[in-house]
Every structure is written in C-alpha cells, then in structure tokens.
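Participant: Mind looking over this structure? Questions follow.
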Amino acid sequence: MIEIENVTKIFRTKAGTVEALKDVSLKIEKGETYGVIGYSGAGKSTLVRCINFLETPDIGAVTIDGTRIEIDNEKLFLVKDGEKTRLSEKSLNKLRSSIGMIFQHFNLLDRSNVFDNIAYPLKYTGKSKKEIHDRVFELLELVGLESKVNAYPCELSGGQKQRVAIARALANNPKILLSDEATSALDPDATESILNLLKDLNKKLGVTIVVITHEMGVIKSICDRVAVMEKGKVVEEGRVYDIFSNPKQPITRKFVNSTSSLSKVDELVKKDSPLVKSQAGESRLYRLVFDKSVNNPVISEVSRKFNVDFNIILANVEAIGDQTIGAMIVKLSGEDKAIDAALTYLSATKVRVEAV
Amino acid sequence: MENFIKTVAPNIWAYRTRFIQSLLDTWSLFLIPGIISFILGIFFGVVLTITKKGGIKQNTVIFRIIDTIINIFRAIPFVILLIFLIPFTRLIVGTAIGVRGAVIPLIFGTVPFFSRQVETALANVSPGKIEAARAMGSGIFGLIFRVYLHEAVPELARVTTITAISLVGLTTMAGAVGAGGIGSFAINYGQGQGHPDIVNVCVVVLLVAVCIIQAIGSFVAKKTTNRTFIHKIYKKDNI
C-alpha cells in the first residue's frame with residue numbers, strides 16, 4: 001500500500017543542516033496498522049509527512065497504492081509505464097486529498113461548527129449539497145457524534161475534537177489514514193476510546209493506518225507492525241509481538257520497558273533494596289520471559305520436580321493484540337545443583353532465562 | 001433644540017450649513033479611502049503572509065519589495081506625506097485639494113499600516129490549521145479564503161477597528177491642507193475665528209464617531225470568536 005524507498009530529507013537552516021531522514025525504506029501492507037515510534041526529533045513526523053508530501057524529501061521514492069512518485073532534488077516526478085513526468089500542483093493536491101491525516105492538536109477550524117469542519121474536504125469537489133449533507137451525517141454516525149453536529153470546537157472535549165478530526169480525515173474515503181501523535185494530547189480515557197475507534201475503523205473500512213507515537217502503549221494496543229526510529233533512521237522493524245518479546249536495540253528495549261513494570265527490578269538492584277538482595281549461597285535472582293509458545297504451568301511443575309522455591313518479586317503479563325507475553329523476576333532458593341537443573345529445564349520449555 | 005444649540009454653541013448654529021457640509025465631507029473622506037484601503041490592506045497582508053519565509057508560497061523577492069515599501073511609507077509622517085504626494089495626486093485625480101484630492105494620500109497613509117495589521121492577524125492563525133488543510137488537498141486559494149481569512153475574522157475585525165479610528169484622525173489632518181471636512185472646519189472656523197464652541201463641538205462629534213466605530217468593531221469581534229456571525233443549524237433529515 002505504501003512503499004518508501006531510500007528517502008532522505010535534510011533541513012537546512014542558518015544554524016546548520018539537520019538530516020531528518022537518512023536513507024529510510026519501509027513497506028506498509030494494505031489494511032494493516034503500522035506504528036512508527038521514536039523520541040521527538042527522531043524523524044518520525046517527517047517520515048509520515050513524506051507519505052502525503054507535506055514535506056518533500058530531498059531524494060527517494062514513495063509508492064502509494066500503485067502510484068509511484070520519485071523525488072529528485074526536492075522535485076516530484078510521477079512514474080507511469082516507465083515514463084517520468086513532473087507531478088503538477090493539482091495532481092499533488094488530489095493525491096493529498098486521497099490520504100486522511102489526523103494531528104495531535106486536532107487542527108479543526110475554530111470558527112466552523114462540527115458539520116462545516118467535516119464538510120471542508122467535501123466542498124468544492126463537485127458534490128451536491130445533499131451528497132455533502134448525507135456524507136457528513138454518515139461520518140458523524142461512524143464516529144458517534146451525531147448529537148454534536150451544530151457544536152463549535154470550543155464546546156467539545158479533546159476526545160470529541162479528535163473524533164471530528166477523524167470524521168473529516170475519512171470524508172473522501174481515503175485508503176490511508178495517517179495519525180500524527182493523535183492521542184498525545186488526550187487523557188487516558190479519551191486515548192483509549194480514540195484508539196478503539198481507530199481499531200474499529202481499520203476493521204470496518206479496511207483503511208491502512210500509519211500511527212506515529214512516542215508511547216509504546218499505543219503501539220501495543222493497535223499496531224500490527226512497528227518501526228523504531230532513532231536519529232533519522234529505522235533501527236528496528238517487525239511485528240509488534242516480536243519486538244515486545246525480543247527487542248534487539250537498546251532504544252527498543254527502553255520503549256518496551258516503558259510500558260512494563262519489569263524494568264523496575266533494575267532500579268531495585270541499583271538501590272540495594274532488601275527485596276532483591278540474595279543472601280550468600282541461599283538464593284539467586286532471575287528474569288523469566290514467557291512468550292506465546294509457553295502454555296504449561298511451568299513454575300509449579302519445576303518447583304515440584306526439582307525441589308526449589310520460587311519467590312516471585314515482580315510479574316507482568318502484556319496483551320499484544322490477541323497474544324500474551326509475560327515476564328517475572330523470581331528469587332530461586334534451594335540447592336545450587338537443583339537450581340541449575342531447574343533453569344536448564346525451564347530453558348528447554350522455551351522460557352527465556354536471564355540472570356539479573 | 002434650536003434654542004439649546006444657540007445657547008451652548010452659538011457659532012455652530014451660525015455656521016450650521018458649513019458644519020453639516022464638513023460632516024458629510026468627513027464621511028466621504030472616511031468611507032472612500034476606507035473601503036479602498038480595506039481591500040488593498042487585506043490584499044497586501046495576504047501577500048506578505050504567503051510569501052514570507054515558511055509561507056505557503058514563499059517568495060523572498062516579492063516579500064522584500066512589499067515589506068520595504070510598507071516600511072518607507074509608515075516612516076513618513078502623514079502631514080509630510082500629504083505634501084509629498086501632491087504631484088502624484090494631481091496626476092491621478094486631476095486635483096490635490098478637496099475630498100477628491102485627499103483620497104490618494106489617505107490611502108497611502110492607511111494601507112501600509114493596515115497591511116501590517118492584517119499580516120499580524122493572519123500570523124495568529126495556527127500553522128496546524130494550514131497544515132491540516134494542505135493535507136486535505138486545499139490549494140493556495142483554498143488556504144487563503146477557507147483557512148487564513150476565515151479563521152482570522154475576529155482578529156481582522158479588531159485591526160480594522162484600530163485602522164478605522166486612525167483613519168478618522170488622518171481625515172482631520174488632510175482637512176488641514178485643503179481637503180475640507182470636520183478638521184478644516186475646526187481649524188478655520190473654530191481656532192481661526194476664535195470660536196472655542198466650534199472646536200468643542202468638533203471634539204465631541206469625533207469622540208462619538210470613534211466610540212461608535214469601536215463599539216461596532218468590538219461587537220463583530222465578539223460575535224465571530226470561535227463561531228460564525230450567523231449560526232447555521234444542520235439537521236439530519238433535511239438540508
């Protein structure tokens with residue numbers, strides 16, 4: 001659906017040049033929800049703006065639903081049947097109107113009521129008043145805001161404003177919806193309801209969603225795949241479950257830890273907390289990770305079999321999509337030999353064992 | 001009423017036809033340059049906004065030229081501008097005196113000021129709204145009329161009020177150099193002939209005019225903040 005190839009974007013300012021994107025390539029499949037996560041300044045906003053060309057890359061190629069656009073020296077060229085023609089302003093605007101986008105600060109027109117905000121992209125496109133009217137009410141029903149049709153944005157809550165923005169973004173039946181930190185300015189309740197709405201829309205309309213965020217929780221709850229960005233580069237990419245169960249890059253680990261309490265153990269160790277102190281020869285501390293392949297009640301099984309005691313200090317189970325991943329920090333006590341045997345057995349049952 | 005005016009301001013009564021004529025002249029001096037300046041000011045304000053760095057149609061050359069011209073004309077005191085423009089005014093409207101002769105310098109005195117004000121008003125439209133409209137495929141005219149000018153209405157009402165009030169001041173100055181109107185009436189018949197009541201009445205009249213302009217401006221600004229002036233109500237089952 002979206003293919004980004006070798007896209008580079010450099011911002012030139014008086015203070016110097018900033019390489020916002022360095023040779024980035026990505027492929028987003030039709031109908032999936034794709035997350036891009038990174039800290040501010042990582043280039044994720046720039047990357048998503050290269051999909052609808054709010055930012056023009058310096059060089060690279062972007063293919064959207066079969067339309068291939070090559071960029072050379074910040075100029076856009078449409079490639080069709082091997083022929084390269086300059087993309088006109090008009091075709092660019094048309095392309096943009098076929099991609100929906102929502103923003104952190106909603107960006108609604110404050111002087112237009114909900115109806116007129118949603119009708120914005122429909123007007124001046126040759127549609128009759130009745131068509132626009134019917135479409136707006138259809139969209140209002142879709143986002144559950146029919147009762148607010150005559151309200152102005154200043155009379156709406158953050159979550160309601162984002163619903164209006166989503167309705168507006170979907171007005172022209174786009175196949176792609178770009179979401180730029182759409183829940184970052186919302187409270188937890190509104191965040192959840194907006195994320196659920198996006199999930200529903202993805203299922204109901206089959207719209208491909210690209211989500212930019214700095215919150216791993218957002219990725220966890222709605223994305224199928226995720227790209228982790230750092231300093232203008234995609235440093236890790238894959239299925240959300242795989243990234244969660246086995247993060248490779250330090251930055252990815254940091255993001256994964258941000259939504260799980262398991263990283264707290266490191267703090268406890270650092271602070272020399274009695275919770276994690278192992279008395280000489282008596283007990284040892286391990287991190288056990290259970291992924292989707294572990295179904296058996298391994299802890300009690302091992303405990304019985306090898307005569308070791310598990311003292312669970314911290315435990316966490318994450319639901320990612322319809323799969324779970326769990327991890328716990330345990331203190332093992334028993335004979336050294338028995339503990340070693342128990343750990344070997346755990347590893348054999350696909351539980352990942354790490355000494356803390 | 002007649003007796004009241006005769007006692008409070010006897011000289012106004014004596015010169016009542018000239019007084020009324022001067023009011024009408026001031027009205028013309030206000031309205032004609034006002035309307036023209038409004039249109040030109042919006043135009044140049046928009047051009048400045050879209051051509052400036054980071055604008056939707058960045059063009060450094062056009063921006064610099066307009067920016068410099070505005071700065072030059074804003075730097076010249078209006079009384080000097082009046083004299084300076086006499087040859088040009090003669091060329092354009094054929095005379096440099098009377099209401100006709102004052103229109104050109106009043107436009108030159110107002111447009112640069114108003115353009116700057118419009119530019120500031122439009123700068124207050126959040127860049128996010130522009131970005132959202134671009135993402136929806138709006139072209140340059142869509143961005144100008146449906147976003148910039150649409151969202152800036154209350155701010156434009158405020159700056160128009162400020163400019164209109166300053167224009168009232170300029171019309172009286174133009175009166176001093178032969179444009180007629182209430183300014184020249186106050187100078188020639190009030191101060192010149194030693195009738196303080198004429199000056200006083202002129203002050204009161206201008207005060208009332210300014211208050212009315214301010215009241216209208218504030219009303220419009222208030223009624224257009226975060227809403228449209230006239231509410232549109234949409235219902236599901238009918239259009």
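Backbone N, Cα and C define each Cβ position, glycine as well.
Pasting the relevant annotations from TrEMBL:
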type: DOMAIN; residues: B:23-217; note: domain 'ABC transmembrane type-1'
type: TRANSMEM; residues: B:27-50; note: transmembrane segment
type: TRANSMEM; residues: B:62-86; note: transmembrane segment
type: TRANSMEM; residues: B:92-111; note: transmembrane segment
type: TRANSMEM; residues: B:161-186; note: transmembrane segment
type: TRANSMEM; residues: B:198-221; note: transmembrane segment
Participant: What residues elsewhere in the chain lie close to the transmembrane segment (B:62-86), defined as a C-beta under 8 angstroms and at least 6 residues from its ends?
Facilitator: 44, 47-48, 51-53, 55, 96, 104-105, 108-109, 111-113, 115-116, 170, 173-174, 176-177
Participant: Using Cβ atoms and a strict cutoff of less than 8 Å, what residues sit near the transmembrane segment (B:198-221) while being 6 or more residues removed from its termini?
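Facilitator: Sequence-distant neighbours of the transmembrane segment (B:198-221): 9, 11-12, 15, 19, 23, 154-155, 157-158, 160-162, 164-165, 168, 172, 182, 185-186, 189-191, 229.
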Participant: What else in the chain is close to the transmembrane segment (B:92-111), if you only count residues 6 or more beyond its ends and a Cβ gap under 8 Å?
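Facilitator: Here the qualifying positions are 25, 28-29, 32-34, 36-37, 40-41, 44, 73, 78, 81-82, 85-86, 163, 166-167, 170-171, 174-175, 178-181.
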